[in-house]
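Now, the feature entries from TrEMBL:
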- 20-39: transmembrane segment (TRANSMEM)
- 21-414: domain 'Major facilitator superfamily (MFS) profile' (DOMAIN)
- 60-82: transmembrane segment (TRANSMEM)
- 102-126: transmembrane segment (TRANSMEM)
- 147-166: transmembrane segment (TRANSMEM)
- 178-197: transmembrane segment (TRANSMEM)
- 232-257: transmembrane segment (TRANSMEM)
- 269-291: transmembrane segment (TRANSMEM)
- 298-319: transmembrane segment (TRANSMEM)
- 325-344: transmembrane segment (TRANSMEM)
- 356-376: transmembrane segment (TRANSMEM)
- 388-413: transmembrane segment (TRANSMEM)
- 440-507: region 'Disordered' (REGION)
- 454-475: compositional bias 'Basic and acidic residues' (COMPBIAS)
């Protein structure tokens, strides 16, 4: 396809920061919502699946885990496909995979079929949409990119507020099989969002320019040179540590509220409060990150957001009643939204547009292992201690540690290159050297031509002409002209009859 050529990330086209970019932003908003909210929305059907197949809750929980693992772990595959075929075709195929997985899962006869269809196939389809949408957003926005990332990230809480109630309604009216079938049809909208990802096309040049331009080298399918960037390494390590504890509180806060003796509906309201605050926190943080004096220090704003989130977890571990959990969810929603709005903006700022397609795939692969370890590890800690306080303390310590790693390592290892001493002086010296070389060459040429002193005068005149008109006048070696002949010829340039005659010395 034609888009594959432009999707190399180095098309030479300036980001429009608007125009069709707003349509790309809308598509990215929808895709982000499906990618992050769908694994949580599927959990609505777990009770029906337990009753249907006679399995336990831990067995059904693997559905969401496999979905998230595919979303993160297939990052390098997405990078290779995007660099090979472009963003639009990859997203179109991904939308078909996401829908096909849910449709096939509606005919499942055991829980293994759900793992394969919903977990693997649908998870792969969502991954093929999520990563390319972020890549296209990065190409369409430059000055307004922090705001665009914040608005796109807001799709996650919006979709969660919509898909969870929709799943409950579908389960009540059509059962889990009918609900899976309808959700599969809804996921076909990923194909429509993929169609919005129109590649940027470079302006046409003249035929002469096209002939002179050299063919560009083919882009690497997966660029591992990003690991040479210290900033990327620091970000990857910090993000892996952060993911260990970032998703733990939303998973356990409802169970924590029930443990304190609150009703199911009242406990579930905590996630609604968290999501509502998250909706407004992400665009607001995007606006703040786009300010002139904040954007160059976006890494430290991201570190502040993680410290804010970690401290919220540490304080929330001491909650003993429902109002304190409500306050915890409000502050956690603010900090969680800040982290969600900044995590990919910081990565884009570190690696740039050209290497972002490979960088995000490798980062998501590293985070996939942390996603599989974090919540299950917190669950084992809960089983061992039977106390939610230790779970929130562990999550808070992990997030705070990631913030310290990111901030301190950037201060110590990422420094500006020292300025070279007095570069204008070096340029002047270089110019003087070249002029001296030309002056030294001129007498040698005159000696070869037998000009003597007249040759030296001619060299001085020739040097003055080169400085005034920037054009070098070259004379044939076979002709030697002295100053007397030049004067006589210049006087006889114009004849009395008005006819202009070229002097012979001008030959």
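Heads up, the Cβ atoms here are built off N, Cα and C, so glycines get one too.
TrEMBL annotations: computationally assigned, not manually curated.
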(request) Using a Cβ cut-off of under 8 Å, list the residues of the same chain at least 6 residues beyond the transmembrane segment (60-82) that approach it. (result) 7, 35, 38-40, 42-43, 46, 49-50, 90, 111, 114-115, 118-120, 122-124, 126-128, 130-132, 135, 221-222, 357-358, 360-365, 367-368, 371-372, 375-376
(request) Looking only at the domain 'Major facilitator superfamily (MFS) profile' (21-414), report the model's average pLDDT. (result) 86
(request) For the transmembrane segment (298-319), could you work out the same-chain residues 6 or more beyond its ends whose Cβ comes under 8 Å from its Cβ atoms? (result) 146, 238, 242, 245-246, 248-249, 256, 285, 288-289, 325, 328, 331-332, 334-336, 338-339, 342-343, 345-346, 349-350, 388-393, 395-404, 406-407, 410
(request) Sort out for me which stretch, of 20-39, 147-166, 325-344, 356-376, 388-413, has the most Cβ pairs below 8 angstroms to the transmembrane segment (232-257). (result) 388-413
(message) With Cβ-Cβ distances below 8 Å as the criterion, list the same-chain residues six or more beyond the ends of the transmembrane segment (102-126) that contact it, or say none.
(response) 34-35, 38, 42, 49, 53, 55, 59-60, 62-63, 65-71, 74, 94-96, 177-178, 180-181, 183-185, 187, 190
(request) Establish whether the number of Cβ pairs under 8 Å between the transmembrane segment (269-291) and the transmembrane segment (147-166) reaches at least three, counting only pairs separated by 6 or more residues. (result) yes
